[in-house]
Amino acid sequence: MSSLYSSGLHSHRSQSNRAPLGCGGTGDSHHRCIEIMDVELGYSLQPVSLIALLPHAHFLLHSLSPSSCLAMCSQDIRNTVGNIPMEWYKDYPHIGYDLDGKKIFKPIRTKDELDEFLDKMENPDYWRTVHNKMTGTDLRLSDEQVDLVHRLQQGKFGDVNFNEYEPAIDFFSSEVMIHPVTNRPEDKRSFIPSLIEKEKVGKLVHAIKMGWIKPRRPKETAPKYYDLWAQEDLNTVLGRHKMHIPAPKMRLPGHEESYNPPPEYLLTEEEKLAWEQQDPEDRRVSFLPQKYSCLRAVPAFSRFIHERFERCLDLYLCPRQRKMRVNVNPEDLIPKLPKPKDLQPFPTTQSLVYRGHTSLVRSISVSPSGQWLVSGSDDCTVRFWEVSTARCLKTVEVSGAVKSVAWSPNPAVCLVAIMLLNPGLGDKFICSATDQLISSYEEPEESKEQSVQWTIAEGSDHEHGQRLILKHPKAVRQVTWHGKGDYLACVMPDDNSSLQVVIHQVSKRRTQNPFRKSKGMVQCVSFHPIRPYFFVATQRYVRVYNLIKQELTKKLMANCKWISSMAVHPGGDNVICGSYDCRLAWFDLDLSTKPYKMLRHHKKALRGVAYHKHYPLFASGSDDGSVIVCHGMVYNDLLQNPLIVPVKVLKGHTITHDLGVLDVAFHPSQPWVFSSGADGTVRLFT
């Protein structure tokens with residue numbers, strides 16, 4: 001065993017002169033045997049250096065049977081690249097060279113990551129399978145080899161039967177021998193003084209005489225004390241130790257504590273009754289003054305132990321330290337906002353009330369001229385009002401509750417989107433031009449099937465102003481116009497259908513579904529006022545689509561539970577979203593996909609939001625019955641953030657069935673705001 005051990009060390013130190021190891025071959029075969037063991041023992045379970053295991057090589061060989069050792073030694077290890085990183089051959093088709101100098105090509109590994117994962121899940125021997133980088137093959141370790149690797153990793157001996165606690169054999173005994181080990185006679189130089197030492201001593205004596213070497217000073221036995229906080233600043237942690245404040249002393253006893261107090265310190269019966277009814281914290285003294293004839297008649301104080309205990313609590317529970325207090329004016333912490341009177345004009349008072357509906361007024365819209373107002377209600381009617389007089393000029397009955405109405409923004413056309421309706425109000429030339437535009441439509445030769453049916457109103461419907469009737473497969477919740485007045489978008493919320501948003505082109509009577517599949521239930525949509533963008537608001541996100549490129553441009557995260565309404569700034573770079581969880585989110589599209597400001601001014605759900613076309617105003621209506629008007633100035637300078645200041649809370653609607661204001665809309669030219677409510681009224685604030 002010792003010869004194996006020494007020869008293993010020798011083979012490790014010298015590559016040229018290897019001693020035979022008893023494996024049935026030369027030292028070179030021993031080296032191969034060790035390499036085979038490195039492969040078969042699977043040291044990739046945990047990186048273990050073969051060099052570190054060489055001192056235990058004889059235990060490795062001893063633990064293997066002679067037949068397995070001979071089989072290992074006879075195995076052909078073809079790769080002769082030596083001890084180099086195998087990563088060098090990563091980009092090559094071969095992995096080394098055999099003894100004849102020919103390339104050893106890598107085996108074709110058809111396993112990808114998925115096959116490797118399935119093998120890991122299904123193969124019970126995956127944990128004991130190791131990959132040999134030298135040959136590119138997978139080897140399965142036996143139980144004995146796995147146990148051997150575990151023992152070597154734990155720092156134990158490879159041989160299970162080896163006793164590491166055998167009694168040690170002393171090569172040199174501790175007893176003093178009579179005869180010396182060597183019998184060589186003493187040298188002559190051990191009897192003659194050394195000349196080199198004499199020269200060194202002479203140099204040291206000369207250095208002491210010249211003062212170059214000074215003798216060591218005797219150590220001072222007196223102890224030294226240092227002031228740790230002598231140079232400390234009072235603002236540092238150590239400096240605060242010097243700022244100790246002694247505990248306040250107790251108040252000295254006064255006349256009321258005397259056993260024979262003056263008569264004015266004694267309480268009357270009414271004062272005693274009032275003292276007993278007071279809380280202990282509110283009493284001026286914690287005891288009742290009493291009078292005794294002599295000091296011997298004074299009994300023991302019943303609250304003595306309790307008062308001592310309270311005093312101890314005050315001493316160790318109350319912190320006593322000097323704090324550097326910063327004197328801050330509370331008004332300096334409030335952001336500097338302009339005064340509301342400097343931000344005028346904005347609506348302040350209720351001027352007109354438009355009465356006539358008998359149920360909830362869901363939606364309102366103002367004509368481009370600002371002269372007419374249309375409102376849709378749950379009483380299945382659409383009413384047209386004159387803005388300046390609050391007079392109902394026309395009432396159109398429809399087949400169901402009206403969820404949304406929208407007046408066309410094109411001033412050259414007089415159209416209202418419920419179905420497409422010409423109210424016949426205002427300039428007669430515009431009304432006749434509108435009818436002429438609708439009647440001049442010529443059907444194409446090849447008509448495609450559409451999800452929405454376009455029919456021309458006839459008879460009494462035509463007399464009431466209806467021109468085109470669009471039959472949708474589901475109930476329409478919102479309608480909105482493009483800025484040029486030719487395209488119209490409709491929303492039909494349905495989480496299980498891809499047909500939630502349709503866009504109609506009035507001039508060609510064509511309908512298209514812009515989305516193949518839906519990403520959540522659509523709440524509302526809006527067109528960009530300038531660019532070909534389309535805003536789609538689902539419950540939690542607002543997606544901005546490019547209609548020309550037909551791709552998603554941005555995805556805005558509203559940080560609220562359920563979006564209820566949306567409005568786009570006339571400049572196109574800002575969006576506001578109202579939600580049912582009382583929040584209004586202002587998005588700056590150039591800044592981030594998260595809200596620039598989150599306003600929580602309302603106490604209940606928001607139902608409608610709107611921007612003014614010309615004034616820096618936006619409004620929000622809520623179920624708390626109020627309309628909050630805010631100043632929202634957007635600057636042309638991209639480095640300056642928008643200025644958002646709430647300026648007025650407008651109230652007037654009565655809350656009906658827990659519903660308040662359902663929609664808000666601004667006048668196109670004046671700083672006026674219209675609001676419709678659940679009380680069946682429309683109100684104008686100027």
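Quick reminder: no glycine exception, Cβ is built from N, Cα and C everywhere.
Computed from a predicted structure; not experimentally measured.
What TrEMBL records for 1-23 is region 'Disordered'.
Taken from TrEMBL, the feature domain 'BOP1 N-terminal' covers 89-347.
Each residue of the repeat 'WD' (354-395) gets a DSSP state, and the totals for helix, strand and coil are 0 helix, 25 strand, 17 coil. What TrEMBL lists as repeat 'WD' is 354-395 (among others).
The repeat 'WD' feature in TrEMBL is assigned to 654-686 (among others). Long-range Cβ contacts of the repeat 'WD' (654-686) within its own chain (Cβ-Cβ under 8 Å, at least 6 residues beyond either end) map to 345-355, 357-370, 373, 375, 377, 379, 385, 387, 390, 604, 607-615, 617, 619-627, 629.
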Intrachain residues whose Cβ lies under 8 Å of the repeat 'WD' (354-395), provided they are six or more past its termini: 401-411, 414, 416, 418, 421, 423-426, 465, 656, 659, 662-663, 665-670, 674-678, 680-684
Residue distribution over DSSP helix, strand and coil in the repeat 'WD' (654-686): 0 helix, 18 strand, 15 coil
